[in-house]
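One structure is given here, and the rest of the page talks about it.
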């Protein structure tokens, strides 16, 4: 319990700031008396106590509260108030509040640092400073009393000592502060505002929920479109890969067939050429007449060389020409060798890359085998197809295992909670038993005390009997009282009081009617303003409603607007879906049109290019190429036919000339020439015939070569002409498709424009609705308030119609007149009452002694019963000790062991669960890494395949180079042989030449025969025809595959666009956060609803709790007041007093409020308001008792009250009565009875007065150790002295010296 020890005042009001001027007050128990004349600083003590405990000063200006600098003759005065007390926890505390005032140019009064020192039982001291904490809150916490109780109850100022009987408004304010209802009312107002804000937020959350729900649906649609497009693209890619594979196989087959056809055609051509050459050689051989050379060809060539060597100079030129050819051939061989070296270097690097590719293939195969092994796939399973499903199954299996472990862990946790609850239950039971034991021990102590009281009661009854006898003698000595006059006065007073109450009730009703009239006028103005606002809103948003539903509806607008919003959103959703479909169709058609346009441009460019190539090659149109080729082949055939016999004729005529010269006869008819002249003529004739052969043969060879080149060009042009015909046909088809596509796209664009216009209309309506939405909540609230105000106005009108009678002013005048008459009657009753006070006082004491004697007798009689109860309680304590021991030694260890075992199992299972979850995460991460590694390896292997193809090409190139080098070497040998041939002699040139020609022709014929023999079984023209037909068929198939590839490519482009649109939609912030926003909106909506519900429940609960709290506290206060009044009030006119609190519902805020009145109860049981109907003594007594009761109930652990001038405005007789009342109160609230026995908590009272009679009376009753006396010296400084019972006076500090 908090207790005040001492108070030190320095530099406050008239208290000086020097050490010897400090007022040091030690608070005595039960009463501390402070006496002194008026103006010596008695009230300063109350102000200092109020200031140190609550921080409140009696004036707003600190300069007026602090000691004057002029009186102190200083420029600076330091003021402080120090309070030493024991706090609610029994700790000794010292609170110091400091102030300072300065004078001069910068005069100011400031509050300095306040400190609170707390001394703990172990001797340590902790100091709190106002710089680091809320000093007022900390101090009130240690005292355990609210601020309002200190201000209005404990340390009430002299001017406010009778506030319990003040005006109702002021009384209500102070009682609300004491009950601390203001903060609860504010809390209710805040909760009401929060509920309204939550309702508005709930509407916002509902709209947000609908919006986010639309986003979620859009996201789902976009994701479905994306997945569908990806699936279609994947399918088209597979089809494309299949087509590419078919195309590659077809191209490979075409290449093989082309090679085969060319080989067959080359073989057939070679066969025909070889056969034609053999026929020509046979004809040439038949024309040669020389005898065969009997020897080898080398011998014959040797002789020819020797013959040429005899010619000398002409063969030297031929030799130089051959050497020049040899040099050129050597240069060509060096270039070929250099190219070969480069190719070999490149092949080496490519082989290294191929080897690296093989290692990558091995790594890829090993990685795929690992994946198959880890994912339990078959050895021949297609990993690209089955890996995703296998990974899903693998992860799902591990996740199921982890979930199973988590489930087991949850079960163990549930068992652990059960075990914990069991252990907690045992501990609670032990605590309950322990509390029961403590309670029983307290009851045992009380029973022992009662037994001891019963034993002491017998001795106390003898003293009480002697006191009763003395009181009866005193009562018999008093004069008799005229009871009839007193009764008549009381009856007359009650009659006037009833009439006054009736008039007051009528006056109150009239006042209420006047208030209702004022409220009615206010409501009328409010309704007028509200209707104008609603009309203005209707006029503002008339165009919006016209655009939405055609006309403005009646109020309320919220349901109609919500329905319209819902309909517009649904329409917008449907139109957006239709618009999206049309846009997709338009994009698809535009893509196809773009592809057709590109295809048309490509075909047109090919057509122009082929036409130009054909014209450049043939100088004719494509249709004339076949005819021109046919004519050219006829000419070529004729030229080849004319060229064949010329070579044979030349050789034959040369042999005839040689034979005629050597044999001297005609080689045809063997006729001998007679003279040499005939031989020469014959030879000359043959030479003339052979002179024209070389020129003609050369011309024919040139012609044949030219025609063959033209044939090659025209054959190529014929293929181009066929390709041109195909392109022209395909171009017509493309243009026809493009035309149909343009028509379809025009229709779709028309639909698109129509849908966009409809969507714009819906968006415009939505904008109108959103504009309405901004103020519809305000309009709805205004509408609801208007309806409530109209109902209230109608109610007030009906009530005002039924009310009649006098006005409030007339009734008030009657009340004042009747009150004046009542006061006169009360004054007469007080004069009579004064006579009966002494008798009532003696009778009251006599009754108290009788009651005390009866209680002592009952205590003595009940001592035996208390002894039996004591034995029962001791047995119950022993049973509690046994039960506590059993639970502590048996039940609690078992429960703790079970809980610890389950805790260990839960910990291990938690570790196992975390390990399983970590394994799932690691497996997912490892599989993702392996899949990524496999993709990179697969890509590198594909790149390695390109290196293999390049290696094959380079190897083919180097083979070609080797063949060219071999040919170069053969040519070199031939040139060298030719060169050597020029070193031979030139004898017998003609014969040897003919013989050499013959030998060559015969060798050629033999070689041609062998060549023709190799063609047996290889010449098959039907096979060539069949292969050409198959070749054309494959080309058609490849063309169809190409068209299919273009079609698939167009579709893939369209799907890619749709996919990009879906991805763009999904990449937006709305779609990315759609689920979380929707979930948050639902959560916010649910939380808001629950918050509204909880706040409503809490408000209702708080209302009920406040009502219950108020009723309980007020009941306790009235009980204490009734008890004190009956004990200290000596008259019989007022049986008791009480505080009446009437609950009133305030219409504006719909909250419960209280109106307070102090009522006095007469002997008849009638309750009358005490304010204005009681005497000054009754008023002071009632105020004092009310403050004591409030201090008892709301003072908590601080049983303290200070009375400043309690005898103010009291006459001499009333002062004596007040002294008796205070003495009785002090006696009633003593902590110990007359025998020194503990009775309850001790009460501290501080009485500050200038009335010596009151001081003497209280001194006789309480017998304090000393009395504090205040005075002032010649300098106006207040000083404090102690006056002891023997009359000696001692100054608290030494006297001031100058």
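Cβ from N, Cα, C; glycine included.
Annotated ATP binding in Swiss-Prot involves 38, 39, 41, 42, 43, 44, 66, 158 plus, out of the candidates 10, 13, 91, 174, the residue 13. Looking at 691-719, 720-748, 1097-1125, the stretch flagged in Swiss-Prot as coiled coil turns out to be 691-719. Cross-referencing 622-660, 1129-1167 with Swiss-Prot places the feature coiled coil at 622-660. The 10 Å shell around the Cβ of residue 42 (ATP binding site) contains 21 further Cβ atoms across the protein chains shown. When the record's ATP-binding residues 13, 38, 39, 41, 42, 43, 44, 66, 158 are compared pairwise by CA position, the greatest distance found is 19 Å.
Fewest Cβ neighbours within 10 Å among the binding-site residues 43, 44: that distinction goes to 43.
Ranking the binding-site residues 13, 39, 158 by the number of CB atoms within 10 A of their own CB puts 13 at the top. Residue pair residue 13 (ATP binding site) / residue 43 (Mg(2+) binding site) shows a Cα separation of 10 Å. For the pair formed by residue 158 (ATP binding site) and residue 43 (Mg(2+) binding site), distance between Cα atoms is given as 7 Å, rounded to the nearest Å.
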